[in-house]
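As annotated by TrEMBL, site 'Important for substrate specificity' applies to Arg11, Thr70, Gln153. If you look up TrEMBL, you'll see Asp69 marked as active site, proton acceptor.
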Amino acid sequence: MRLILASASPRRLDLLKQIGVTPDAVDPADIDETPRKDEPPARYAARVAAEKGAAVAERHPGALILSGDTIVAAGRRILPKAETVQDARMCLELLSGRRHRVLSAVTLIAPDGKARHRLSESIVTFKRLHPDEIDAYIASGEWEGKAGGYAIQGRAAGLIRTIQGSHPGIMGLPLYEVRTLLLAVGYPCD
Ligand SMILES: Cc1cn([C@H]2C[C@H](O)[C@@H](COP(=O)(O)OP(=O)(O)OP(=O)(O)O)O2)c(=O)[nH]c1=O
């Protein structure tokens with residue numbers, strides 16, 4: 001069974017390899033990721049993961065397609081993927097000293113076209129951030145392209161008091177859910 005990873009994220013590829021799975025090809029989806037008006041965070045993440053998979057499935061008939069989407073939600077608010085210093089600062093000030101959710105959705109489309117979905121939810125608590133800590137984090141550049149303006153796999157780990165949930169999910173691919181989906185379609189994982 002050919003497995004296609006529908007993602008431009010090198011982290012997703014590395015995470016997949018962590019459980020011994022190497023896709024036959026990587027083919028990123030290029031879709032509009034704008035949230036709909038009042039779209040709840042979990043529904044948004046699930047929709048985007050499904051849309052990424054569907055877009056890529058069209059190009060690979062008969063293959064297995066794995067896609068994902070990871071977002072940071074503060075209450076009902078979906079934080080942006082930080083592209084500018086201003087984005088990153090806004091996110092970090094909002095996340096400072098409080099809990100937020102990281103929602104990581106995955107979709108697996110089987111060769112027969114049937115799509116299976118899983119959602120991983122994690123709770124992350126940042127310490128109260130001193131302005132100097134925010135400045136130093138921004139200077140690191142690690143926030144660039146990251147949902148919610150931080151990456152737990154880097155120096156932000158030193159600013160996070162607790163996590164509850166899935167560490168790989170927070171990084172971009174919830175590996176327990178992925179393995180469960182792959183096994184459900186008969187893809188060998190062990
Ligand atoms: C919260 C958090 C997010 N992220 C990343 C994971 C995702 O790459 C990114 C969220 O963007 P996504 O849209 O999920 O993924 P992507 O744009 O990197 O790749 P593609 O759409 O092609 O699959 O934020 C971290 O790396 N670490 C973290 O701690």
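Quick reminder: no glycine exception, Cβ is built from N, Cα and C everywhere.
Distribution of TrEMBL features across the structure.
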residue	record	Cβ within 10 Å
Arg11	site 'Important for substrate specificity'	16
Asp69	active site, proton acceptor	26
Thr70	site 'Important for substrate specificity'	27
Gln153	site 'Important for substrate specificity'	17
Rounded Cα-Cα span from Thr70 (site 'Important for substrate specificity') to Arg11 (site 'Important for substrate specificity'), Å:
12
DSSP three-state assignment for Arg11 (site 'Important for substrate specificity')
helix
When DSSP states are folded down to helix, strand and coil, where does Gln153 (site 'Important for substrate specificity') land?
coil
Three states by DSSP: which one describes Thr70 (site 'Important for substrate specificity')?
strand
Integer Å distance between the CA atoms belonging to Gln153 (site 'Important for substrate specificity') and Asp69 (active site, proton acceptor):
17
How long is the line from the C-alpha of Gln153 (site 'Important for substrate specificity') to the C-alpha of Thr70 (site 'Important for substrate specificity'), rounded to the nearest angstrom?
14
